[in-house]
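A.B. asks: Quick one: the structure is below, and I'll ask about it shortly.
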């Protein structure tokens, strides 16, 4: 049994005063997690299931249309996830959580109710629009209005229990004066954009994003290289899972440094400090444009971050713990450019919204001696409704969420015949890192020598799964 | 420093490593000087351990969780460094290794297993892999005796035959000052229905249920002829050897109009089902000031 560590302290962050040249990513003041802070970006979920993203600035009124308006100061310091009812004066009180299934409240006197004798007619509802407007003006609570609507419906009692529950749920979506502030994190943002504006995040669905994170072994103390054209969705998810430990270098399309989504995560400064970003034309200028690049190589995009030259040098040092690619450019070309900087026995994970865009890359990797465990993956992700006697998959589901190529990088090398003596193997040349150098093979058949050896010994080609037409050993691999 | 917690550039004495002998042939070994491993393939690649490789190569004591489920559960429970998680049952420790990877270095895993033998094996494994500081393993029948934790964890994961029996105790173990998350993993829909009923009764909200499966795709090159090639009464020309993935310019198509094309299709040996994943939120308790 091990001792439980100290409770996680709030991150030590000094209150950030925006500089005159506004830093693109500033951290809000530290406070207790799970509690709404001034300056937080939050997601407000309305009874209609519409969602609004906004920043909670103090001393502001927020208008929610028919659902009412409230003062932001009333929200600051309150817990996330709780529904709040808007009362007189724009104040907020914690609301009762409306049960998702209204079945309990739908009293059914008629046991074998069905819709055989119900005729759909607007006249069934005797409460007029004017009367509803009056109720709203009198600030009757949403629940009161709904109760009135139900009692004014001439055919309501004839409905089946399930039908009543459905009806009540619909009315709640229109008349409740409530909202729920939801904490922004990678999963929430991924879902929000996938449903509201999928083009922004390159149609990446949460199940594929989560698979990307585990496949790339994203965790504290990693040093990762990322090519991110998803407006920062991938970067935000990676930073969240690194928790402020380690280092993330993000290369992106030259035309825009747009990591919007990172901003919405309300990260503490410690996390933002692990992030370095650089446009691809600053990290990898064309040889013929080096002079032009030199002219502004020592610029910093902002004062606290390294210059283009320093970041370029950082990347060229290589030895990254993983490569993640989600690019607008052809993924094969991006992997060719960045893979040399990844250490061996480390993951390379490539995302694209369209499976066929990953096919050439998958084939190259499978045929190449530089990668093993190459997989081309999509996911099936289906939600279900679970209600008493009404359990079934939901009527609508997402048809696609993107695709991944996942691979492990290894060092390519000459195939070494097992007839070599130990001395000859040592003489082949040794290296402990870098993909371009040959590695000293660890030969288990002879027993290890006890001294640390690099992680690689590869001879010959490999079988890749079933049903594949595998290349016969070709000249150049020098296998005896 | 545990190789499960951090990457190291070189293999050290006593390190766990994963031997790769082929696409579906992964084998964990401990690298010790003087020891021999017999291998008839003529080559071997020694890989740095990761939870994903461990899941694919670990010795099974029970049915385990695979990467697709592990991934979505981790994300929807909002786990990250510093999270405190409860897991029951430990089983073969597949998910445990992944959880520790995600919550380290500042988080903690409380894992429970009612089978004495398995509990001991899991505990020994955590020790051997240098992860004992991140995990408290207990042998306990949580459905009978509860978790014995109060207001402590950010998330609870239940992989039990009767999860509804553990809901009350899981609720007690979860923090009450902020919203927390729970996931229940059950193969049968009847289990899901009973679990959701228990969750609702105990005040959990935002109940959602999903299934999540991987689809692996195969890619291979074939030569596709135009039908006119088939129309000739003369003997058909020989088809050139097809080389997957090699530069297209090296390949010589067998006949005019023939093209070497990649065929992509999902693998036939696909998973149909692992388990249903039920998620729920426990909202923070109301404070005095909120009652008006």
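Backbone N, Cα and C atoms are what each Cβ position is placed from, and that goes for glycine too.
Straight out of TrEMBL:
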BINDING   B:113, B:141, B:159  S-adenosyl-L-methionine binding site
A.B. asks: Compile a sequence-ordered list of residues in the same chain as residue B:159 (S-adenosyl-L-methionine binding site), six or more apart from it, whose Cβ lies below 8 A from its Cβ; state 'none' when nothing qualifies.
C.D. replies: B:65, B:87, B:88, B:89, B:91, B:95, B:184, B:185
A.B. asks: Do you know which of the binding-site residues B:113, B:141 has the most other C-beta atoms within 10 angstroms of its C-beta?
C.D. replies: B:113
A.B. asks: Does DSSP give residue B:113 (S-adenosyl-L-methionine binding site) helix, strand or coil?
C.D. replies: strand
A.B. asks: Residues other than B:113, B:141, B:159 within 8 Å, Cβ to Cβ centroid, of the S-adenosyl-L-methionine site?
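C.D. replies: Neighbours found: B:88, B:89, B:90, B:91, B:112, B:114, B:115, B:140, B:142, B:160.
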A.B. asks: Using only the Cα atoms of B:113, B:141, B:159, which the record gives as binding S-adenosyl-L-methionine, return the largest interatomic distance in Å, rounded to a whole number.
C.D. replies: 13
